[in-house]
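Trainee: Structure provided below as C-alpha cells; questions to follow.
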Amino acid sequence: TQKLSSNLTAIRAVLKDAEKKQITSEVLKNWLQKLTDAAYVLDDILDQCSIHSTKVHSDEGHASCLSPPHPKDILFRFNIGKRMKDITQRFHDIHEEKSRFNLELGVTEVQTVDDDWRQTSSDITEPTLYGRDKDREQIMKFLLEDASNSEDLSVYPIVGMGGLGKTTLAKQVFNDHKVCKHFDLRIWVCVSDDFNTKTILESIIESCTGQNPNLNTLEAVRKKVELVLLNKRYLLVLDDVWNEDQEKWKQLKGKLQCARTSKGATILVTTRLQEVASTMETHPVYHLTELSGDDSWSLFKHHAFGQNREEIEELVAIGREIVRRCVGWPLAIKTLGSLLRDKSEISQWENVKESEIWDIREESSCMTCEENSIMRALKLSYSNLELSLKRCFSFCAIFPKDFVIVKEDLIHLWMANGFIKSEGNVEVEDVGNKVWKKLYRRSFFQEAKSDKFGMITSCKMHDLFHDLAKSITGEECVVIEEGRLSALSTRVHYVSLSNSKMSVDMTAFKKVESLRTFMDFSNIGLVPSTHCLRALCTTSYWLSPVNDLAHLRYLSWNRGSGAALYKLICQLPKLQILKLQSMSQLRLPKELTQLQDLRHIVINNCDPIPGMPPNIGKLRHLRTLSTFVVGSQAGCGLAELHSLKLGGMLRIKGLENVPNEWDAKQANLIGKKDLNILHLSWGGSANSKGSNVNVDRVLEALQPPSTLKSFVMAGYQGRQLSSWMRNGSVMRELVEVRLLDCDNCEELPPLGKLPHLKRLDVRGMKNVKWID
C-alpha cells in the first residue's frame with residue numbers, strides 16, 4: 001500500500017543514523033528492535049505471497065481458465081490482506097515514534113577500501129607478540145627447566161583478565177621450536193564453560209591420534225589415554241578454563257596421573273579466575289598484566305600503520321591518545337588499530353578519539369574499570385562497521401563461545417537470512433567472502449585456520465567479542481547451553497542448542513513471532529514447529545511436511561533419513577543450500593530440479609547414491625555439486641554439467657556409463673575455473689573386455705582447469721594417461737594427487753615437475769612401466 005511504502009521510505013532515510021546512535025541510547029535501541037521485528041514479519045508476509053504465487057502459477061498449468069478460484073486461494077488472500085493491514089499500522093506507529101529521536105536524514109557510511117590482502121596461513125594468529133618477551137621467557141623456563149625433571153604432573157596456571165592475550169601467549173609458547181623439541185606430545189584443548197572429564201580426555205586422544213575415539217564409557221576413554229600417553233613427556237594446554245569445582249579437577253587429574261609418562265609432563269592452564277588457578281595449581285600462578293605504554297604503542301602502530309604506511313604527525317598524536325584510553329589491553333589496542341588502518345583522514349581519527357562511546361558505563365556491576373575500557377573499545381569498532389557488516393557480526397552470537405565457525409557455513413547462513421546479496425556481477429558468495437575478510441581484518445574473528453591448500457576454512461570469536469554480539473542482539477538470539485528451556489521471548493529470531501544434557505519444551509516456540517534460524521549443535525534431534533524458518537541445522541532422523549519449512553533457504557541435515565528427504569524436498573521451494581551428512585538410504589528425488597534457487601548441494605559420508613535426478617543441468621544457479629553420478633538414462637549424462645558454473649569440490653562417479661569421448665567433453669570441466677578438487681571414478685562395466693568404450697579418449701576429454709589444487713583418479717582401466725596429465729602447465733597448481741586402482745595403466749605423470757605438490761598417494765597400479 002501507499003501508506004506502507006511512504007512509512008518505509010521515511011524510516012529507511014534515517015536508519016543509518018539510528019543504527020549509529022543506538023549504542024549510546026537505550027530508548028533508540030528499543031525503537032530499532034521494534035523496527036527489526038516488524039521488518040521480519042513483513043518479510044515473512046511477502047515471502048509467503050511469493051511462495052503462493054509460484055504454486056498458483058504451477059497449478060494453473062493443470063486447470064481450465066474457466067475454473068472458479070479455489071476456496072483455499074480465497075482464504076489465503078483474506079488472511080494476507082488482514083496481516084498486511086496489521087503490519088501497515090505497526091510500521092505507521094514506528095514511523096510516528098521516530099520523531100522523538102531527532103535523527104538525521106541520509107547519513108552516509110564510509111566504505112572501507114578493499115585491497116589485495118589475503119590471509120593464507122594462521123598457525124599462530126599474531127606473528128609478533130608485543131611486550132610479552134619476559135612473560136614468554138618465564139613460562140618457557142618453567143616448562144624446559146623447572147618442570148622437566150619432575151616425576152609428578154606439573155600444573156602451571158596463567159591468570160589474567162579477558163583480552164590480555166593469555167591464549168595468544170600460550171600459543172606462542174606451544175609452537176616454539178624448543179618446546180616442540182622438548183616434548184614428545186603437545187596437546188591443545190579449548191575447555192571453556194564445559195569442564196567435562198570424558199570430553200577433555202576424548203579431545204586428548206583425538207589430538208594425538210587424529211581420530212575421534214567413539215568410546216562409550218569414561219573407563220574405556222581412560223584406558224585409551226593411558227596407551228596414548230605411555231612413556232611420553234607431554235605438554236597439555238587447557239585453554240579458557242572456568243571450572244571452580246575441585247572434585248571435577250581431581251577426577252581429570254587422577255585419570256591423567258594413571259598414565260605412566262616420562263618426567264616433565266606438564267599442564268599449562270589459561271583462565272580469567274584466580275579461584276580456578278588456586279584449585280588446579282601445583283606451582284605458583286603466573287599473573288599476566290597490561291602492556292606498558294611503549295609496548296601498547298608498538299602494537300597499535302603495527303595494526304594502524306602497517307609497514308608501508310606513512311606515520312603522519314597529526315595521526316600519531318591522536319593515536320597515542322586513543323592508545324592511552326585502551327589502558328594496556330592488547331585486544332582493545334589491536335581492534336582500534338585495525339579499525340583506523342582503513343581511515344586516512346584526520347577527522348576520522350578524531351571521531352574515534354572523541355566518540356561518546358568512551359563515556360559509556362557498562363551495566364554489569366562485576367566489570368572492573370579496565371574491563372569497561374576494553375568493552376567500550378570493542379563497541380567503538382563495531383559502531384564504525386558498515387550497516388551490512390553489523391548484522392553479519394551480531395548474528396554470530398548464535399554460536400556457543402569458543403565454537404569453531406566454518407567460514408563457508410557462516411557465509412551460507414548469512415545468505416539464508418538475507419544479510420548479504422549479490423552486487424551487480426559479483427556473486428553473493430563473493431560478497432560474503434569480502435564481508436568475512438573485513439570482519440577478520442578488524443579482529444572480530446580470530447584464530448583463522450587453513451586447509452591443506454592454504455585456504456581459510458574456519459575461525460573463532462574472542463569471548464569478549466561474543467559478549468559484544470550477545471549484548472547487541474539481546475533477546476533476538478538465544479544459545480541454550482544447559483538446564484531446561486520452557487519459555488522464549490516473542491521476539492527471538494535465532495536459536496541454537498549446544499548441550500545434549502538439556503530438556504527442551506517445544507511449546508516454548510509457539511509464542512515466537514518470526515524464528516529465522518534454528519541450529520542444533522547438541523545432536524538432540526529437535527525441530528521446532530514454526531513456519532518462518534530460513535535456516536535449519538538438525539540431526540533429526542525424520543523431517544516431514546508437517547514441520548512447514550516452505551520458507552527454508554538453508555538445510556544442513558546430519559544422520560537423517562533419505563526417505564524423509566525424498567518426501568520433503570518438493571515442500572522447500574525457496575531452498576538455496578542443501579548439506580547432507582551421514583544420511584541413510586539417500587536418493588535425490590526428481591523434484592530437486594524444480595528448486596530453481598538452489599546454489600549448493602553438498603553430500604558427505606552418505607550411503608552411495610544410486611544416481612542423479614534427471615536434468616540437474618536445469619539448476620542454472622548451482623555453484624556447488626559435491627557429487628555427480630553418471631547415469632545411462634536420458635538427462636543423467638555428463639552433458640548436464642556443461643553450463644553449470646561449479647566450484648569447490650566435484651566428485652564424478654559412474655564414469656563407466658560414459659558412452660564416448662564426445663559425451664565426456666560435454667562436461668566442460670576445463671571451463672569450470674572455480675573448481676579446487678576433482679575426483680574421477682570408474683566402476684567396472686565399461687572397462688570389461690566386451691566394452692567398446694575407449695576409456696583413454698574419455699579421460700582425454702575430461703581435462704580440468706589449470707587452477708585445480710587436488711586431483712583424484714580411481715578405477716581407470718586405460719593403458720595410457722591423457723596428454724593433459726603429462727602437461728605441466730595444466731597440473732602446475734596441484735597440491736595433492738591420488739591415483740588409485742588404475743590396474744592397466746602403464747605410466748605415471750611427471751610428478752616431479754609439479755612445484756606445489758605436497759601429498760602423493762599411488763596405489764593399485766601394478767602394471768606401471770615408466771614415469772613420464
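The backbone N, Cα and C atoms fix where each Cβ goes, glycine too.
Residues annotated as domain 'Disease resistance N-terminal' in TrEMBL: 2-59. As annotated by TrEMBL, domain 'NB-ARC' applies to 134-308. Residues annotated as domain 'Disease resistance protein winged helix' in TrEMBL: 398-469. The annotation domain 'R13L1/DRL21-like LRR repeat region' is assigned in TrEMBL to 638-765.
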Trainee: In the domain 'R13L1/DRL21-like LRR repeat region' (638-765), how many residues does DSSP put in helix, strand and coil?
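Mentor: Residue counts for the domain 'R13L1/DRL21-like LRR repeat region' (638-765) by secondary structure: 36 helix, 32 strand, 60 coil.
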Trainee: Where does the mean pLDDT land for the domain 'R13L1/DRL21-like LRR repeat region' (638-765)?
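Mentor: Looking only at the domain 'R13L1/DRL21-like LRR repeat region' (638-765), pLDDT averages out to 91.
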Trainee: How many helix, strand and coil residues does the domain 'Disease resistance N-terminal' (2-59) contain under DSSP?
Mentor: 57 helix, 0 strand, 1 coil
